[in-house]
Amino acid sequence: MEITLFDPIDAHLHVRENALLKAVLRYSSEPFSAAVIMPNLSKPLIDTPTTLEYEEEILKNSSNFKPLMSLYFNDDLTLEELQRAHEKGVRFLKLYPKGMTTNAQNGTSDLLDEKTLEILENAQKLGFILCIHAEQAGFCLDKEFLCHSVLETFALSFPKLKIIIEHLSDWRSIALIEKHDNLYATLTLHHISMTLDDLLGGSLNPHCFCKPLIKTKKDQERLLSLALKAHPKISFGSDSAPHFVSKKHSANIPAGIFSAPILLPALCELFEKHNALENLQAFISNNAKTIYGLDNLPSKKARLSKKPFIVPTHALCLNEKIAILRGGETLSWNLQEIA
């Protein structure tokens, strides 16, 4: 059995910086045609020059791959700065509530203050897409749900602004997406295939710790159903986020799962298991093209076959290891060729 996926798109990707970027980028740039690149670096991408500099670093270390750049939402994003970014091809704003995830210490404290709403109004006028890490302070399993009132306010106040709930994790958010025409979402591999049991049901597994948290069986099943039917308002976004094992095995574990090396084989396995392989093309590419208005992307064909693939346990960067999701396991699908 074989399947060919055309122009795979990762709508939510972290490729880090410097040596780590060079070590992990190929796992995404080779099989994927394009990816929405997250801006929460150690020095966040808060303006056009730093964003374009990072884009150039990605382009230098890849080929036949389109990084879709995003700006880190901040109070200094004037109308002029947004216009400058838009003229250079930047189409995404990423809003991080302060302190909610990795490198979000510079995030937005009050999501509904006057300055935030002013920036969103300008973003709507210029045709930006707003990507939001939709969590608010509260009990860890309810943080996304607690952000619903903010999402509703945004959706109603800015009806022409496309708003993406990144890495949807709570089944209660599905109704919001279906209620508001301008609300969309991305889904990760880990949120549609894993639950809290994978993180802490046995021994604590730091390599399954991410934000938003993987949640209950009900959440996983409801989100998986969206993916399997390729719901038209949902696109695939891996949120692949590499960290060194030395940091993952520490007293202060950073959030993030490195899934890039297994994405296409694991998705094929999952969709085949549920008799939904015919919908994988839409989930992995077509929906994103429609939602984000993407065209003129690098052409790419990923051919996979139903042959065993033993997942490597680690990727290497200098003298450090990066644990790969499902490392050491055998998947039933294998990436055979990229053209």
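Even glycines carry a Cβ here, placed using N, Cα and C.
Residues His12, His14, Asp239 are given by Swiss-Prot as Zn(2+) 1 binders; from Lys94, Lys98, Lys143, Lys321, that same site also lists Lys94. Substrate is bound by His14, Val15, Arg16, Asn40, His133, His243 in Swiss-Prot, and the record lists one more residue there from Ala155, Ala227, Ala230, Ala255, which is Ala255. Binding site for Zn(2+) 2 per Swiss-Prot: Lys94, His133, plus His167 from the candidate set His86, His148, His167. For the binding-site residues listed here (His12, Arg16, Lys94, His167), the lowest count of other CB atoms within 10 A around the CB belongs to Arg16.
Residues listed for substrate, His14, Val15, Arg16, Asn40, His133, His243, Ala255, cover a largest CA to CA span of 19 Å.
Here the C-alpha separation of His14 (Zn(2+) 1 binding site) and His133 (substrate binding site) works out to 14 Å. Those residues of the chain, other than His12, His14, Lys94, Asp239, with a C-beta within 8 angstroms of the mean position of the Zn(2+) 1 site C-beta atoms are Leu13, Val36, Ile37, Met38, Asn40, Cys131, Glu166, His167, Gly237, Ser238, Ala241. Cα of Arg16 (substrate binding site) to Cα of Asp239 (Zn(2+) 1 binding site): a span of 12 Å. Taking all protein chains in view, 26 other C-beta atoms sit within 10 angstroms of the C-beta of His133 (substrate binding site).
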